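Participant: Okay, here's the structure, questions in a sec.
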């Protein structure tokens, strides 16, 4: 981290599958803001996956680890794909995204869900349902069933196999992610919906009690509601505009955010950031990445949607670089490109022209130039 200047160092890790393709476009966007808007960014590219494994025996080589350690933020592409079979499980696990989340204690994952009017006809949900949809799902990311021990698969005395996992949470693990939700809600519409399954799970009983206690003690000015996860999934599809900030545990957040992606038209549209605890100066380690996976079926074809990665840059501009005007500018440019008909295959209507990954990046860059030009005309 740069402790003596305002310059932000960003480690750019394309990863696997479509990761490098979409990250190439968000890299171009960051460079535009550095060159044209004076954003104080140093970009440092690094490798992850099969290629560095074949060269070094590690999917996460030492120079990539060094780049991420020194970075204020990480721009991540994707992990996984057929090539994972060429990497031994132990090596893959040692450099997994789960291990990175744990290493940097990236406990709060923020996933904005915004329904763009330009995509109303291509989204799976009805246009009337999508009107005014703009909320954020905050997923606890470093605890819960994905990290709980004991876990495993064993053979029982009668020959049957049994798989088991452990779901567990502590007061501090719940309260710190709930605090993130309440603080964010204060900057938005002032509403938090906490999602659990407290009617059957003890971890959810504790979750609800701790979220409620924190609310009563420090955030009584924020409206708090609770939903069971099954009802929350239904409400996201039925009336997503009712939500402002939703906070939930790891596994529920994983599922609900993919469900909510349909309000945006495609997983390819969704950005995210995973935040660590603030240091004494209030700075937080942050990993920015699109929500989509590595999509090995289309990797290398140049047709992936880069907007989830590009909009992750908008989140970076707002959260890490503290440049909300530039974040809004980028979001407006994406809106402008979409309104002009720019579409990759995943968001294109039948018969519509389909842009390549590179062409969509070009469309956003052209829109940035136009938006800035109009701002100067009216200055």
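Every residue gets a Cβ built from N, Cα and C, even glycine.
According to Swiss-Prot, the record shows the following:
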type: BINDING; residues: 101, 111, 139, 230; note: substrate binding site
type: SITE; residues: 146; note: site 'Important for catalysis'
type: SITE; residues: 197; note: site 'Important for catalysis'
type: BINDING; residues: 230, 254, 258; note: Mg(2+) binding site
type: BINDING; residues: 293, 294, 295, 296, 297, 298, 299, 300, 301, 302, 303, 304, 305; note: NAD(+) binding site
Participant: Rounded to an integer, what is the Cα-Cα distance in Å between residue 305 (NAD(+) binding site) and residue 258 (Mg(2+) binding site)?
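Facilitator: Distance between the two Cα atoms comes out at 16 Å.
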Participant: Do you know offhand how many angstrom separate residue 230 (substrate binding site) and residue 197 (site 'Important for catalysis') by C-alpha?
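Facilitator: Their Cα atoms are separated by 8 Å.
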Participant: Can you grab the distance from residue 295 (NAD(+) binding site) over to residue 258 (Mg(2+) binding site)? Cα atoms, rounded to a whole Å.
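Facilitator: Between the alpha carbons of residue 295 (NAD(+) binding site) and residue 258 (Mg(2+) binding site) there are 15 Å.
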Participant: Have a look at the binding-site residues 101, 111, 258, 297, 301 and say which one has the shortest Cα distance to residue 146 (site 'Important for catalysis').
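Facilitator: Going through 101, 111, 258, 297, 301 one by one, the closest to residue 146 (site 'Important for catalysis') is 101.
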Participant: Could you state the CA-to-CA distance between residue 297 (NAD(+) binding site) and residue 254 (Mg(2+) binding site) to the nearest Å?
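Facilitator: With the alpha carbons as reference points, the distance is 22 Å.
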Participant: Between the Cα atoms of residue 139 (substrate binding site) and residue 301 (NAD(+) binding site), what distance do you get, rounded to the nearest Å?
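Facilitator: One finds 32 Å between the Cα atoms of these residues.
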Participant: Which three-state DSSP class does residue 197 (site 'Important for catalysis') fall into?
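Facilitator: Its secondary structure by DSSP: coil.
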Participant: Which residues does residue 303 (NAD(+) binding site) neighbour through Cβ under 8 Å, counting only same-chain ones at least six apart?
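Facilitator: Looking at Cβ-Cβ distances below 8 Å from residue 303 (NAD(+) binding site), excluding near sequence neighbours, one finds 344, 345, 354, 356, 357.
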